[in-house]
Amino acid sequence: MGWGAGGSCTPRPPIRQQPLSEPRVITVVFLGLLLDLLAFTLLLPLLPGLLESHGRAHDPLYGSWQRGVDWFATAIRMPAEKRYNSVLFGGLIGSVFSFLQFLLAPVTGAVSDCLGRRPVMLLSLAGLATSYAVWAASKSFAAFLASRVIGGISKGNVSLSTAIVADLGSPSARSRGMAVIGVAFSLAFTLGPMLGAFLPAEMVPWLALLFAASDLLFIFCFLPETLPAEKRVRWVPEPAGLLGPQCLRGPLPLGPGLTGSPAPSLQQGKMFFFIGLTMATVQGAYARKISPGSEIAAVKRVRGSPGRVGGRPSAAVVVPCLSSVVADYGLPRQKGTIMGTLRSLGALARAVGPMVAASVYWLAGARVCFTVCSGLFLLPFLLLRNLRPPARVAPKAE
């Protein structure tokens with residue numbers, strides 16, 4: 001494999017290309033992503049207590065970050081209360097993790113367009129397993145922060161999973177695959193936080209490492225290559241081109257900052273259990289039944305529907321539907337870059353959204369903050385108003 005100025009690569013062609021079994025690929029993607037997300041969500045209810053323990057230990061690096069958090073809290077006129085500080089600190093850690101995803105997800109996707117999905121997926125999962133190993137062995141805030149940085153850099157497996165589904169030839173299989181990916185998220189957010197809240201804190205990182213290592217072994221054994229050598233690109237674009245202003249010409253899915261809360265870990269586990277159960281119910285009863293070609297109409301309906309519980313039913317429909325629509329754009333050799341860019345935009349929203357919302361809340365008040373957030377829900381209607389899915393071309397009979 002050679003690399004040039006623009007990132008050239010000459011992948012070795014496979015010895016034999018077996019025909020893909022679409023149900024098998026979807027099942028492998030679902031189980032692999034479920035294992036990964038279970039490892040990820042175990043941490044969520046423990047993060048506030050974990051940060052407080054590093055603060056009590058008078059960790060020097062923690063103190064430096066705390067001074068930065070204090071400066072930001074003063075700038076937005078946030079009350080100097082311990083519970084607010086814990087939320088803001090956790091939000092900062094989560095923003096760093098998401099910002100790294102924003103930077104690396106398009107690059108990971110572009111590299112998979114060149115080398116194939118399987119080797120890049122294995123490399124990503126190896127990085128995630130390394131991050132959990134560092135967390136399990138960490139005794140300092142610096143080591144914990146390093147584990148989050150490694151995890152953020154390696155978190156391209158989610159966009160790769162959507163790219164693998166986008167490689168499938170049947171529109172119905174792609175729609176079903178995107179819905180199944182959403183179900184994996186729902187189940188993980190239902191089970192992972194509750195499991196993390198109930199288990200002893202010192203056991204959680206080791207269980208996360210076990211999930212990550214099992215995921216790596218499972219994908220190594222069962223995931224086929226879905227992008228044949230003849231459909232791959234020969235050059236990886238410059239990273240600056242993947243993160244240029246043109247990548248921002250699309251909807252930013254403003255997701256919640258699932259990074260810190262003043263509630264005890266068990267209460268947070270119950271909260272995530274309710275959120276995940278709600279999403280799983282919506283996806284099982286509605287989202288997976290949306291037919292190919294009607295995704296945009298479904299998004300418009302659900303974004304305007306009243307009585308949405310915390311926005312989660314909306315996300316349970318919007319994310320799989322938009323992923324299905326985006327998967328239809330571009331050539332087969334561009335799917336990794338396209339799906340990576342979509343995932344990158346979501347990560348950017350998760351990195352910036354919580355900090356912006358906190359600033360508006362404390363500077364302008366709760367009413368202004370929630371009014372602005374409600375107004376942002378109108379943006380998808382404007383962005384999707386003239387969007388039409390690309391024409392689906394039936395495959396030629398051989």
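Including glycine, each Cβ sits where the backbone N, Cα and C put it.
Under the heading transmembrane segment, TrEMBL lists 25-47 (among others).
Feature annotation from TrEMBL assigns domain 'Major facilitator superfamily (MFS) profile' to 25-398.
Feature annotation from TrEMBL assigns transmembrane segment to 87-108 (among others).
According to TrEMBL, the feature transmembrane segment maps to 120-138 (among others). Using a Cβ-Cβ cut-off under 8 Å and counting only residues 6 or more beyond its ends in the same chain, the transmembrane segment (120-138) has close neighbours at 32, 36, 39, 108, 111-112, 144, 146-148, 150-151, 153-157, 160-161, 164, 205-206, 208-209, 212-213, 215-216, 219-220, 223, 336.
Per TrEMBL, transmembrane segment is recorded for 178-198 (among others).
Here the transmembrane segment (204-223) has Cβ contacts under 8 Å with residues 25, 28-29, 31-32, 35-36, 38-40, 42-43, 46, 117-118, 121-122, 125-126, 128-129, 131-133, 135-136, 138, 164, 195-196 of the same chain, all six or more residues outside its ends. Taken from TrEMBL, the feature transmembrane segment covers 204-223 (among others).
The transmembrane segment annotation in TrEMBL covers 360-383 (among others).
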In the domain 'Major facilitator superfamily (MFS) profile' (25-398), averaged pLDDT is 81
